[in-house]
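Asker: There's a structure below that I have some questions on.
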Amino acid sequence: MNAGSDPVVIVSAARTIIGSFNGALAAVPVQDLGSTVIKEVLKRATVAPEDVSEVIFGHVLAAGCGQNPVRQASVGAGIPYSVPAWSCQMICGSGLKAVCLAVQSIGIGDSSIVVAGGMENMSKAPHLAYLRTGVKIGEMPLTDSILCDGLTDAFHNCHMGITAENVAKKWQVSREDQDKVAVLSQNRTENAQKAGHFDKEIVPVLVSTRKGLIEVKTDEFPRHGSNIEAMSKLKPYFLTDGTGTVTPANASGINDGAAAVVLMKKSEADKRGLTPLARIVSWSQVGVEPSIMGIGPIPAIKQAVTKAGWSLEDVDIFEINEAFAAVSAAIVKELGLNPEKVNIEGGAIALGHPLGASGCRILVTLLHTLERMGRSRGVAALCIGGGMGIAMCVQRE
């Protein structure tokens, strides 16, 4: 795609906090997380719910959530029954793919205003048992839907952590290099939290507790005070034969959260007196060998930047999802990026990685960082389980 004379723009962007596994958001149904951000982005954009053409959200772990959880989130946010709502599933890239689909829908004239984003409550993902034909005798094993549907490669039957180990070996990313990336992510996020840099992008979530409703408004996954000495003591988790380098500390987390943006054409924003956060310049998606899925952002970023008519040097800020430190280091190394331009507020290693929400979460953070720093050009990108990558170029005027 190309921006054209009347580009698609983002007029508001927000996210919930990112909750730890079985943490602050664990009891909040995923559709309620979605409703929370949908309400907020519409409020910020001063768009009436009935003016929305369509709602598109990424969502991965849908088992047991009821019929069309995104439709539930849409209606729960006050959007009328007459407005369609649906989900897309591209594992880690789902939340950004939803934004791409919104851009396409608006671009061809099918929609005028779209709410796009992603949501996930990994804490509520169920264990599954196949009992349709009954169990004649013996035990019935349970399948963890997080592992089965989210974190296990279907082609090589291996955990995503093994694909990170494969990238580390092929791109010669040492354990020390990975731990340095992880500590930097934690330290940057700690600094950003203390400086209030995330405050504007976060919408508080009301959580029911024994003491009544409480307002949750601070990301709870980051570990303040992280240092290389403590991190280097952790043992590799996925390969335990002495060759492993990926640990729980240099990998992203299992998390809960939601994020959303409101999109429309520039002419529609002008008519409504809205100042866009950015315009969508280009986007790209690619496929790669699944066993090294983490390198997906490399060709995706190259393609998106080329479509935009930019060079990598033209980009002010990159938000590249930190699924694993090994992957982040390999991407920066292969593309020759300036580390000072990449994930400057920290990334998923510190903040967390709620699968279906992460694609839009990094876009929301990118938009607010560009605004706060007065920068113009940004790229959001993610690697995707199953061997894919997705990237988007945005520009502030």
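Yeah, the Cβs are placed from backbone N, Cα and C, and that goes for glycine too.
Feature list, courtesy of Swiss-Prot:
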- C92: active site, acyl-thioester intermediate (ACT_SITE)
- C383: active site, proton donor/acceptor (ACT_SITE)
- R223, S226, S252: CoA binding site (BINDING)
- M1: N-acetylmethionine (MOD_RES)
- K200: N6-acetyllysine (MOD_RES)
- K233: N6-acetyllysine (MOD_RES)
- K235: N6-acetyllysine (MOD_RES)
- H353: site 'Increases nucleophilicity of active site Cys' (SITE)
Asker: Pull out the recorded positions from the set C92, R223, S226, S252 whose C-alpha sits within 10 Å of the C-alpha of C383 (active site, proton donor/acceptor).
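Answerer: Taking C92, R223, S226, S252 one by one, the ones whose Cα falls within 10 Å of C383 (active site, proton donor/acceptor) are C92.
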Asker: What's the most sparsely packed of the binding-site residues S226, S252, counting other C-beta atoms within 10 A?
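Answerer: Looking at the binding-site residues S226, S252, the Cβ with the fewest others within 10 Å is that of S226.
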Asker: Using the recorded CoA site (R223, S226, S252) as reference, state which further residues of the same chain have their Cβ within 8 Å of the centre of those residues' Cβ atoms, listed in sequence order.
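Answerer: Result: A182, S185, Q186, T189, F221, P222, A249, G253, I349, A350.
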Asker: Look at the recorded positions K200, K235, H353 and tell me which residue has the greatest number of other C-beta atoms within 10 angstroms of its C-beta.
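Answerer: Most Cβ neighbours within 10 Å: H353.
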Asker: Out of C92, K233, K235, H353, the recorded positions in the record, which is closest to S252 (CoA binding site) when you go by Cα distance?
Answerer: H353
Asker: Just to verify a number: CA distance, S226 (CoA binding site) to K235 (N6-acetyllysine), in angstrom, no decimals.
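Answerer: With the alpha carbons as reference points, the distance is 16 Å.
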Asker: Reduce the DSSP letter at the residue listed as 'active site, acyl-thioester intermediate' to three states and note it down.
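Answerer: Going by the DSSP assignment, the residue listed as 'active site, acyl-thioester intermediate' falls within a helical segment, counted as helix.
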